[in-house]
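Q: Pasting the feature list from TrEMBL:
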- 12-31: transmembrane segment (TRANSMEM)
- 51-71: transmembrane segment (TRANSMEM)
- 78-96: transmembrane segment (TRANSMEM)
- 102-121: transmembrane segment (TRANSMEM)
- 142-161: transmembrane segment (TRANSMEM)
- 173-197: transmembrane segment (TRANSMEM)
- 222-251: transmembrane segment (TRANSMEM)
- 263-286: transmembrane segment (TRANSMEM)
- 293-312: transmembrane segment (TRANSMEM)
- 318-341: transmembrane segment (TRANSMEM)
- 353-373: transmembrane segment (TRANSMEM)
- 379-402: transmembrane segment (TRANSMEM)
Amino acid sequence: MAGKSKSKLDWWHSINQVMVMFGVGLGFGIYGPSLMDLAEIYSSPPRDIALMNSARAIGMFLGSCTGGFFYNFMNDQILTLIFLIIYGAGTVVTPLLPSIWYLHVCGFVAGTSFGIAHIGAQVRLVKVWSDKSASAIQAFHSAYGVGSMIGPFFVAPFLSLKDDEDIMRETQLHIPYAAFGLLYAMVAGSMIAAYLYDPATIKKTKVEDEHKDDPAGKRSETFLMVLLFIYLCMCVNSEHTFGTFISVYAINSPDLEFSRSEAAYIAGIYWSTFTCGRLISIFLAALFDLQQLLVLSHSLVIGGSAMLIVWRSSEVCAWIGSGIMGLGLSSMYGAASGLVFEYVRIRHSYVGAILAAACLGLAISAHAVPPFIGTWPMFLQYYMGVGNVLNTLVLVVMFLALRGRSKLTAKKEEAQEMSRESVVA
C-alpha cells in the first residue's frame, strides 16, 4: 500500500479508536448528574445507584486482565468492534431496565467490554504511530475528557425539575442515552467500513530485554511501581468521586441547595476544566519538567479543597473551587506515569498494574462517599481534602525514591556513545 494511502488509513483507524474513548467519556460524564433521577426511576437510594460504578470497575478490571488472551486469537478490529457494540448497548439501556439489579449486571458487562476494547484501541494506536505514540495516547485520553465534559451539559435539560415537592418537569433520561446510542452506532459503522477496506490485524511482536536488572535495582523498581500504584489509585478515586458526587453535594448541601440542572452544570464545569487541563498539560510539559507539573497540580487541588471547605456557603466559591479541582486533577495520572517510566523500563505487568490501580480507584469511589453524602454533604469535601493531602505525601516519597536514579534516555545515550567510541577505536 502506498505511503500516502496508508497514512490516510492510519488516520481513519486512529480516529475510530479516539471516538470510542469519546463515547465512553460521554457515558461517564452523564452518570453523576443523572444519579438522582436514576434513583427515582429505580426507586432506590442514590448510594445503591452509585454501586453501578463499582460493578463497572470490577468488569473493567476483569476485561483488562483477560483481554490480551482474546486478541491472541481474533482480529483486533473485530474484537474491539464487538465489545464497543456491547458497551454501547449497555449504556443506552441504563434508564430502561426493570430493576436496579439489572443495572448492576449491565454495568459489569459494559465495564468488561470497555476493559477489553480499551486494550485493543491502545495497542493499535501504539503500533500504528510508533515513535509518535505518546501524542496518540494523549489524544486518546483527552477524548475521554471531552466526552465527560460535554455529557453533563447535554443531559441537564432532560433532568427532572422540582419546586419543593411539586414536579415541574418529568425526567427524560431516555433521550440523551438514546442519542449516545446513535453516536456509538455511527462509530461502529465507521469501524466496520475501515475493516472492510483493510481487514489487517495487529500482530504481536516479541521484544527481548538484553539488560537484566540486579536484585537491588529490581527491588527499587518494584518499590517505585508500588508507589505509582497507590498514587494512581488515589488519583482515579479523586477524579471520579468528585465528578460523580459534586452534583449530589450541590443539591443536598443546606448552604447551596442547587437545582438538579444547576448541579449538572457544576459537574460540567469540573469536567470542562479537567479536559482543558489535560490539553494544556501537553504544552506545560514542554515548559516544565514532570516533577514541577505535579507540584503545580497538587497545589491546585489542595487550594481547591480548602476553598470548598472554608467558604462552603458561597455559590461562587463552589463554582470556582470545582473548576480548580478539575484543573488540578487533570494532569496527575499522565504526569506521574510518565515520570516513573522515565526511570523504569515499561513491561506488560506494569501496564496491568496501572489498569488495576485505575479500576480499584473507580471501585472505591462507589463505596466511600455514598453512605454519608445524603445526610452529611460536607463529607465529600472533607474526603477529598484528606485524600489530596495523603496523595501529596505519596508523591513526596516517590520523588525521594527517584533521587539518584538515571533516566532511561540518559542510559541509552550513554550506551550509544560507548558504542560509537568502540567503533572509532
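Glycine is treated like the rest: Cβ placed from N, Cα and C.
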Q: Okay, the transmembrane segment (173-197) and the transmembrane segment (222-251): do they have at least three CB pairs under 8 Å, pairs separated by 6 or more?
A: no
Q: Taking contact to mean 3 or more CB pairs closer than 8 A (sequence separation of 6 or more), are the transmembrane segment (12-31) and the transmembrane segment (142-161) in contact?
A: yes
Q: Taking 3+ C-beta pairs under 8 angstroms (sequence gap of 6 or more) as contact, is the transmembrane segment (173-197) in contact with the transmembrane segment (51-71)?
A: no
Q: Okay, the transmembrane segment (51-71) and the transmembrane segment (318-341): do they have at least three CB pairs under 8 Å, pairs separated by 6 or more?
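A: Judged by the Cβ rule, the two regions do not touch, with the required three close pairs absent.
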Q: Output the single range from 51-71, 78-96, 102-121, 353-373 maximising the number of Cβ pairs under 8 Å to the transmembrane segment (379-402).
A: 353-373
Q: Are there residues at least six beyond either end of the transmembrane segment (78-96) with Cβ under 8 Å to its Cβ atoms? List them, or say none.
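A: Same-chain contacts beyond the ends: 17, 20, 23-24, 27, 31, 34, 37-38, 41, 63, 70-71, 103, 106-107, 109-110, 113-114, 116-117, 120-121, 124, 171, 173-174, 177-178, 180-181, 184-185, 187-188, 191-192, 195.
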